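Below is one structure, written out as structure tokens, with a few remarks after it.
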Amino acid sequence: MKFPGSVLASVFLFVAETTAALYLSSTYRSGGDGMWQALTLLFSLLPCALVQLTLLFVHRDFSRDRPLVLLLHLLQLGPLFRCFEVFCIYCQSGHIEEPYVSITKKRQIPKNGFSEEIEKEVGQAEGKLFTHRSAFSRASVIQAFLGSAPQLTLQLYISTLQQDVTVGRCLFMVLSLLSIVYGALRCNILAIKIKYDEYDVKVKPLAYVCIFLWRSFEIATRVIVLVLFTSVLKAWVVMVVLVNFFSFFLYPWILFWCSGSPFPENIEKALSRVGTTIVLCFLTLLYAGINMFCWSAVQLKLNNPDLISKSQNWYRLLVYYMLRFIENAVLLLMWYLYKTDIYMYVCAPLLILQLLIGYCTAILFMLVFYQFFHPCKKLFSSSVSEGFRQWLKCVCCNCRQQKAHESVGKTDLRSTGDRDETPSSSKISSVPSQILNADELCSA
């Protein structure tokens with residue numbers, strides 16, 4: 001049975017970040033910074049409450065008679081209790097013989113064009129551990145993008161205004177960044193397992209390293225860009241945040257309304273129509289929060305029974321990163337034009353170049369992951385390198401066509417100007433030859 005390391009990582013980040021937030025808020029209180037204290041507590045306690053609700057919802061404890069579990073979740077001790085329960089199940093799994101097992105069928109990743117179907121026995125203990133891992137994965141994503149991401153942005157903004165980074169705040173920002181990167185990593189793994197649910201997916205350690213580097217560069221550069229822009233144009237950042245948020249929040253609903261599909265009723269049998277609407281709104285809220293800082297990797301599709309699109313949309317991925325790169329460049333340009341005296345000793349052009357290169361580095365690690373380390377790359381209809389070659393061929397063909405048309409236009413003008421000096425028959429025959437050469441050039 002697989003060691004529940006992901007559960008341990010989730011609980012560690014949850015406890016460490018909450019403890020650091022409480023300590024930092026106490027320092028703000030002693031320093032007389034009431035607003036920073038309130039915002040720090042808000043971005044810490046709100047995701048804590050959402051994590052408790054997520055764990056209760058996944059384990060269906062609302063409809064079960066477990067008053068002690070509900071009390072522990074009310075006291076914000078739910079993740080610690082769940083972690084203790086996970087390790088109790090893991091330690092007892094090898095000593096107790098299970099009378100009932102279920103058989104699951106998975107297909108192996110194709111090798112040399114062949115794919116075999118394998119059967120695996122899953123006991124009750126392993127099934128419970130799978131439920132716990134799934135619950136903690138979702139809780140980590142919620143904590144990362146509804147708590148850690150705005151928390152990291154806030155603390156970096158405070159450090160920029162005060163031009164000072166204390167040891168406690170530095171440690172807190174490192175924990176928040178690790179939490180966000182871990183949540184983004186769980187999004188990637190969750191997307192892979194949902195899209196290729198019928199396959200036995202095994203993610204290699206190098207794939208985890210590549211995803212970690214990709215997400216670290218992407219999230220760090222994004223947060224720094226937002227903080228720099230906020231420090232000089234506080235009023236305009238509200239518009240930037242609202243446009244980003246509502247674009248991603250409304251996009252799944254617009255696709256759902258355009259599809260004409262009936263309202264999804266199969267999310268949870270115990271939920272009413274109002275409860276289902278609340279859950280869907282919360283999912284789109286989380287989806288918007290993720291895409292504010294990085295690529296979500298999971299595409300919401302409300303008219304799908306799984307609520308997740310299983311198709312690999314390269315075009316959407318390309319459009320997202322192109323628009324995000326342009327947005328970051330524009331925000332940095334606005335910061336450069338309106339920067340204040342607090343950046344007197346900062347080399348602004350060099351900082352802008354470093355941030356743009358950092359974002360390009362994130363894109364490079366993403367391409368390396370999809371090209372070499374994706375566990376299901378053999379199932380792709382086309383790889384990253386093939387798509388890049390096709391794009392280059394298309395660009396080269398368009399350039400050749402444009403040059404050919406320009407040469408044909410110049411020949412027409414030259415033939416019109418020299419009509420009195422040369423026979424008309426030669427001019428009539430020269431133009432088709434140029435057109436033929438252009439067609440051959442384009443076809444080549």
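Every residue, even glycine, has its Cβ placed from backbone N, Cα and C.
Note that the structure is predicted; figures quoted are calculated from it, not measured.
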From 66-85, 166-185, which range did TrEMBL mark with transmembrane segment?
166-185
Same chain, outside the transmembrane segment (36-58) by at least 6, Cβ under 8 Å from its Cβ: which residues?
14, 17-18, 21-22, 24-25, 28-29, 69-70, 73-74, 76, 78-79, 82, 131, 134-136, 138-139, 142-143, 146-148, 150-151, 154-155, 158
Residues of the same chain, at least six outside the transmembrane segment (350-373), with any C-beta under 8 angstroms of its C-beta?
204, 206-207, 210-211, 213-218, 220-222, 224-225, 295, 321, 324-325, 328-329, 332-333, 336, 383-385
